[in-house]
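What TrEMBL annotates here:
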type: BINDING; residues: C:MET49, C:ALA197; note: substrate binding site
type: BINDING; residues: C:ARG124, C:SER170; note: ATP binding site
Amino acid sequence: MSADISVDHVVDTVHRLHEQTPLVQCITNYVSMDLAANVLNAAHASPAMVHDEREAAEMARLASAVVVNIGTLSPPWVTGMHEAASVAAERGIPWVLDPVAVGATAYRRETTNALLTHRPAVIRANASEIVALATAQGAGRGVDSTHDSTAVVEQAQALASATGSVVVVSGASDVVTDSVTTVIVDGGDPRMPLISALGCAATALVGGAAAVAPTPLLGAVAAMAMLANAGERAGRSAQGPGTLRPALLDALWAQRPEDLRDVVLR
Amino acid sequence: MSADISVDHVVDTVHRLHEQTPLVQCITNYVSMDLAANVLNAAHASPAMVHDEREAAEMARLASAVVVNIGTLSPPWVTGMHEAASVAAERGIPWVLDPVAVGATAYRRETTNALLTHRPAVIRANASEIVALATAQGAGRGVDSTHDSTAVVEQAQALASATGSVVVVSGASDVVTDSVTTVIVDGGDPRMPLISALGCAATALVGGAAAVAPTPLLGAVAAMAMLANAGERAGRSAQGPGTLRPALLDALWAQRPEDLRDVVLR
Amino acid sequence: MSADISVDHVVDTVHRLHEQTPLVQCITNYVSMDLAANVLNAAHASPAMVHDEREAAEMARLASAVVVNIGTLSPPWVTGMHEAASVAAERGIPWVLDPVAVGATAYRRETTNALLTHRPAVIRANASEIVALATAQGAGRGVDSTHDSTAVVEQAQALASATGSVVVVSGASDVVTDSVTTVIVDGGDPRMPLISALGCAATALVGGAAAVAPTPLLGAVAAMAMLANAGERAGRSAQGPGTLRPALLDALWAQRPEDLRDVVLR
């Protein structure tokens with residue numbers, strides 16, 4: 001663990017999240033809408049799903065963070081993504097990019113490249129997507145991760161360095177880096193990847209935590225630590241991925257900032 | 001409680017709902033789709049999510065009620081909303097409006113104003129949205145309610161009087177008014193607001209109950225009473241907002257009309 | 001039960017599904033997105049929800065099966081459906097059609113007729129929809145099934161014969177036919193129809209199983225058997241349709257291929 005990020009900082013960030021209940025505008029894919037909103041609600045944040053170009057920028061002026069996820073993209077949505085991301089950049093509030101399956105199609109690569117010009121505070125993805133972004137070549141195969149997160153630390157650091165964004169690689173262990181400082185968050189439950197769109201919901205929570213944290217790096221670490229800790233607790237009672245989902249929401253909702261002292265950062 | 005609405009009327013309405021299983025067309029936001037459909041199914045109604053202008057009017061001719069929710073609006077959807085609402089008005093079947101976050105953006109205010117010309121049978125919203133509508137000035141801050149429902153009874157009555165619609169303000173206690181008669185429905189569970197889109201699902205259920213009730217006022221009271229009662233029962237076993245959701249669906253499904261005798265109206 | 005399809009074949013297909021984790025592209029309705037993705041994940045397949053014309057064909061070239069569901073259709077989505085289905089047909093990978101509420105509106109009938117020109121490997125629907133398709137006349141009333149599945153075996157066989165597709169009629173018992181061979185799959189739980197979009201999720205699972213099975217007929221039987229078996233197991237602990245859903249996902253995830261020996265085919 002870097003000396004720059006301690007568990008005390010994480011506990012403090014969760015305190016702020018619970019007190020400030022930041023408004024997080026999400027322009028996210030159809031699969032993730034329900035879970036992302038419920039994760040934000042359970043974590044004491046306030047979700048607003050507003051995507052159309054007629055109001056995306058206006059909402060971004062009210063929001064404390066913006067989350068953009070390309071999972072089920074189409075041109076009208078991409079327009080709204082640009083509107084919201086540019087307002088966020090202009091206002092200096094964090095915006096978070098989730099480049100779902102960026103390696104799979106040209107449309108995703110082009111859209112992601114165009115969105116990167118607004119300089120996201122954080123990019124959250126799985127290992128395959130990070131590799132695809134970092135190498136700018138297709139990694140294919142939908143949204144599955146075919147690489148281990150800790151195996152791509154160097155690519156994550158290179159991507160962070162190239163973009164100026166904090167990069168989060170989620171996996172069995174989560175890697176969070178701003179290229180200089182790299183933190184590994186352990187924990188969670190091995191069945192979490194079977195909850196569809198939980199990665200997208202993690203991106204939304206990164207938005208919530210980044211809205212209140214002193215730095216995007218700390219916000220990203222805090223969000224991943226919250227999920228790792230809640231997932232681990234939820235896993236004790238869950239029978240499988242189906243019951244893990246409501247149990248995870250319960251655990252997030254019941255989570256006290258001090259519970260984050262159980263999380264191991266390295 | 002008004003003398004006009006008794007628990008006997010509510011019990012009778014739930015009987016009708018279970019017997020008639022009305023077809024409820026929902027043009028609703030992406031976050032709420034899943035939960036609204038499941039709530040209607042659990043309550044013995046029949047949901048149909050049909051929004052495109054090529055079929056919205058045709059479906060509204062088959063439906064027993066229409067539900068319009070502006071949570072994630074965009075122009076093609078707004079066109080379908082107008083089509084379905086105007087057919088409902090023409091046919092004399094109830095249609096219900098949910099003006100999600102109407103105070104937040106100009107697009108929402110304009111869309112809501114345009115939809116109100118079709119004269120909804122019921123408007124269901126939270127206290128902030130009712131205040132925004134009643135005062136025709138922005139209340140901001142996404143879909144959260146920053147006012148207590150019972151604190152806005154006068155605004156709800158004024159809105160009902162101005163629009164000719166029954167107005168439902170959901171909250172810890174639900175306010176239902178047609179401007180002359182005002183009913184307060186107590187009950188539920190304090191964690192219900194943490195279930196994303198449960199308000200939208202309540203709107204859908206109001207559509208189902210209004211389809212079979214002698215008056216929209218009674219339909220709205222019955223729907224809110226069903227949720228209050230089911231939420232309270234579900235809350236006894238739920239560990240948090242995550243497990244409250246499936247438990248609520250179970251409780252709605254197991255609800256007998258006579259169970260509504262436990263609800264306190266005032 | 002036909003001599004052509006035995007429980008051994010089903011067990012073998014589930015083995016293949018678990019080993020090959022096929023990528024299943026779903027262009028499906030908004031209500032079903034979440035459940036379809038979670039069912040595929042729980043069954044060890046890999047979902048990809050990609051619908052826009054800018055990438056639907058490209059993704060279909062990576063996929064092992066394509067699933068098209070018209071539940072909440074609109075023109076841009078229909079364009080993507082044609083793109084993906086034609087690539088699937090061209091590549092010889094199975095594509096599965098779910099003609100939701102095809103009897104209800106002209107737009108659904110026209111869209112379904114146009115999609116049928118790409119010759120789906122499997123059509124999965126409820127009895128009302130099969131009757132509507134088979135008789136090419138409206139059956140109305142949203143997505144509810146107003147006919148018993150086993151009462152429409154002849155229409156299913158006629159439809160299979162006319163289209164060259166395997167036809168699946170889901171219901172208390174599921175009928176699967178290629179017109180020559182007809183298999184009835186018993187099992188499940190009577191509360192399964194109350195889980196919104198479970199039929200759509202079944203269609204997605206048929207896509208996953210058809211991707212790995214020697215024939216679409218066997219794939220369809222295996223998928224319906226998996227759900228019947230998992231639903232039955234889940235039903236033992238579920239209190240209602242709300243808790244049945246996570247329990248069903250748990251049961252699918254825990255299902256071993258050998259568990260399918262419990263399923264009765266006839």
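Every residue gets a Cβ built from N, Cα and C, even glycine.
TrEMBL feature annotations superimposed on the structure.
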| residue | record | Cβ contacts under 8 Å, 6 or more apart |
| --- | --- | --- |
| C:MET49 | substrate binding site | C:GLN25, C:CYS26, C:ILE27, C:THR28, C:MET33, C:ALA37 |
| C:ARG124 | ATP binding site | C:VAL96, C:LEU97, C:ASP98, C:VAL167, C:VAL168, C:SER170, C:GLY199, C:ALA202, C:THR203, C:VAL206, C:ALA220 |
| C:ALA197 | substrate binding site | C:ASN29, C:VAL31, C:SER32, C:LEU35, C:ALA36, C:GLY71 |
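Under the three-state DSSP scheme, C:ALA197 (substrate binding site) falls in the coil class. For C:SER170 (ATP binding site), the count of additional Cβ atoms within 10 Å of its Cβ stands at 28 [all protein chains shown]. Each of the binding-site residues C:MET49, C:ARG124, C:SER170, C:ALA197 was checked for a CB under 8 angstroms from a CB of chain A; the ones meeting this are C:MET49. Chain B lies within reach of C:ALA197, taking the binding-site residues C:MET49, C:ARG124, C:SER170, C:ALA197 and requiring a CB-CB distance under 8 A.
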